[in-house]
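Asks: Per TrEMBL, the feature repeat 'PPR' maps to 116-150, 188-222, 223-257, 293-327, 328-358, 364-398, 399-433, 464-498.
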Amino acid sequence: MVASIEPTLVSEDEEEEEYKLIEKTKEEDHDFDSLPPWGNILVKQDCDFELKSGSQPLAVSKKLKMVVDGEIRVHFLEERNEEILSRRVLMLSRSNKVRSALEIYESMKFSGLRPSVHACNSLLSCLLRNELLDDALRVFVFMRTNEITSSHSYSLILKAIANVQGFDSALNMFVEFGGYSRAKKDFDVLVYNTMISVCGRVNNWIEAEKIWRSLQENGYVGTQVTYSLLVCIFVRCNQNELALDAYYEMIQNGLKPGDDIMQAVIGLCTKEGKWDLALNLFQCMLDGRLKPNQICCNALINSLGKAGKVKLAFKVYATMKSLGHTPDTYTWNALLNALYKANQHADALRLFESLKREQNSQLNIHLYNTALMSCQKLGLWEKALQLLWQMGASGLLVSTPSYNLVISACEVARKPKVALQVYEHMVHQKCTPDTFTHLALIRGCIWGSLWAEVDEILKIVAPDASLYNAVIQGMCLRGKFKSAKKLYMRMREIHFKPDGKTRALMLQSFHKDST
């Protein structure tokens, strides 16, 4: 599971500046509502304009859409100080007073006064919070025309376009702003972060990488948010090499990854089989007093188990418990598989019995099957039968693979008659046998010289080349060459292709007959 990270669109400095301006405005004793209106002059559009985005232009409405009834009016401004008026716009916008903020903004424009970039950005935020995208675009175009935009302005608009019109429209607008070009632009890494975040929402890793490369080519250095977004997107899209590249660049730029990034990178390392790198990152998290989550611990245990590093797997398990995580079925299955991969089958069965005594409620079909695999390797047919009955008694639905493992354990122990009984019980329980079932049963019957049972199995099952190959090879190894030749001829008559071992054994038998 990979976290989804949204970039912070307003910098701390800008937030602090806005709050200072608001507090300063509160101290001023200007009653704007008492200002006499400049007649009943209504807001008129300075010019018609449109901002293209995607295949369809974003036409801005000629009448302001308001959350309150009535037209927006401009007022005669006794106060002519742009800084003071901008503070009022800022305060009203932050208070979500859309109508009042717009009236001051339009009155300033009508009077030839220019609001500050902070005021315009706050007004943009206010309009977008109230889903007034067209009016926000009108303000944004005014800002661009008067060259008072900031990265925050672009980020607000791009994010709003993505929310309302989708990813393609936002991407096209970003391109029109010169996002992929090397020309001088009036935005910085914050805008790139916004677009990478937009790409992440639709899991478009191709455009995310392209924006990342453009950021590099334009001389910007990624932030903590940049690399967090990139790593999470690439991991979700299974682009593990790109995720590692982003992680290494983050480290190279002197940035310290958080626990979400570390866990995501550990997860992709385990998928790639890079258990040593995953273990190093895990230790780095512990050294940095970060707490790996349970999913991260389980993935690392599983990866170490697959690599045959049993001691390390159990060491991570001990660390996991010390972190306060409660082992779950995934943890136990990873540990059992680690023991099985290391050929420690007896230890795997001991661990399973311990779980059965202490964690019986967590036992599932996967844990039982792992224990049955160990029984198969050791030829413990009685233990396998016991586990099979316990599975049924506990209410678990016993599947074909479970029966196959028990039959295989009987084959290893040279108990073909017991295997036949398990097979009959399997059919009685309406569990459908597969090719592996019949192969294990045939091999067991051959070594037990139960030839009548072998013939019966071949008669009742659908013709299968692998079954004929197994029977012919078993007959040859048991010295029944005449029977093997008859079955071989029958096999060729029904157009089944013998495998290499069957052909070699038949050639040897023909050579013996000729000599």
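Cβ coordinates are placed from backbone N, Cα and C, and glycine is handled just like the others.
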Asks: Across the repeat 'PPR' (293-327), what is the average pLDDT of the model, as a whole number?
Replies: 94
Asks: For the repeat 'PPR' (364-398), give me same-chain residues lying six or more residues beyond its boundaries with a C-beta closer than 8 angstroms to one of its C-beta atoms, as numbers and ranges.
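Replies: Residues packing against the repeat 'PPR' (364-398) from afar: 329, 332-333, 336-337, 339-340, 343, 345-346, 348-349, 352, 355, 405-406, 408-410, 412-413, 415, 418, 422, 429, 431.
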Asks: Using Cβ atoms and a strict cutoff of less than 8 Å, what residues sit near the repeat 'PPR' (328-358) while being 6 or more residues removed from its termini?
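Replies: Distal contacts: 294, 297-298, 301-302, 304-306, 308-310, 313-314, 317, 320, 364, 366-367, 370-371, 373-375, 377-378, 380, 383.
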Asks: Using DSSP, how many residues of the repeat 'PPR' (328-358) fall into helix, strand and coil, respectively?
Replies: 27 helix, 0 strand, 4 coil
